[in-house]
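**Q** Quick one: the structure is below, and I'll ask about it shortly.
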Amino acid sequence: MDMKRRIHLELRNRTPAAVRELVLDNCKSNDGKIEGLTAEFVNLEFLSLINVGLISVSNLPKLPKLKKLELSDNRICGGLDMLAEKLPNLTHLNLSGNKLKDISTLEPLKKLECLKSLDLFNCEVTNLNDYRESVFKLLPQLTYLDGYDREDREAPDSDAEVDGVDEEEDDEEGEDEDKEEDEDGEEEEFDDEEDDDEDEDVEGEEDEDEVSGEEEEFGHDGEVDEDDEDEDEDEDEDEEEEESGKGEKRKRETDDEGEDD
């Protein structure tokens, strides 16, 4: 697939200005030049042209926001001055696997003031004596050359773009944790409500027991009252019998007195 068609497919019905990343690896470039890429990609930040048969970058449009450019496994042997002219904010440049032989071919990169990382793996220039010292001296703005700084300390795996992605992932995890904490809080509140309901049930049962106790006590009092009434009735009957007995006794005494007369 040629480069023009690949760019058309990568757009996916978007306008060039809406594209921030463009990967054209392994497509075919006619005459070893960039084709189909225009200055309309004003917001492009990442461009990958790995193994597309490039010989020159002379057709590269001006991309003011481009930060990372992948040009590994091509046949570029010079003409890097176009990079400084067209890509003023470039920070990462990968030229591994190209035909760069001399330190002098890298001189145009001095104008890339924002350049922090340069990769030249598998280029003949890396075989020169004092290669690393010479490149760092030529390009003092560099922080990392072939993945290591001046003190041979390895570069971190993540660059600014990857860090941004990591921050988004951390935010999502934080939201999930907050959501889990909220759910736990809701469960605790629900448990507290259940405990309150149980306490209310226990109190209700105790109240019922108290009422039942009062009823029983009242019932016993009623029984005691009935017994008292029975005793009172018995006493009344006894008094009546005694009075009847006394009346009969008086009557007999009166009758006896009459007979004596």
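Including glycine, each Cβ sits where the backbone N, Cα and C put it.
The following feature annotations were taken from Swiss-Prot:
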| type | residues | note |
| --- | --- | --- |
| REPEAT | 16-40 | repeat 'LRR 1' |
| REPEAT | 43-64 | repeat 'LRR 2' |
| REPEAT | 65-87 | repeat 'LRR 3' |
| REPEAT | 89-110 | repeat 'LRR 4' |
| DOMAIN | 123-161 | domain 'LRRCT' |
| REGION | 149-261 | region 'Disordered' |
| COMPBIAS | 157-243 | compositional bias 'Acidic residues' |
| MOD_RES | Ser158 | phosphoserine |
| COMPBIAS | 244-254 | compositional bias 'Basic and acidic residues' |
| MOTIF | 249-252 | motif 'Nuclear localization signal' |
**Q** DSSP helix, strand and coil counts for the repeat 'LRR 3' (65-87)?
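**A** The composition, in the requested order, is 6 helix, 3 strand, 14 coil.
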**Q** With DSSP as the yardstick, break the repeat 'LRR 4' (89-110) down into helix, strand and coil residue counts.
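**A** Per DSSP, the residues of the repeat 'LRR 4' (89-110) fall into 8 helix, 3 strand, 11 coil.
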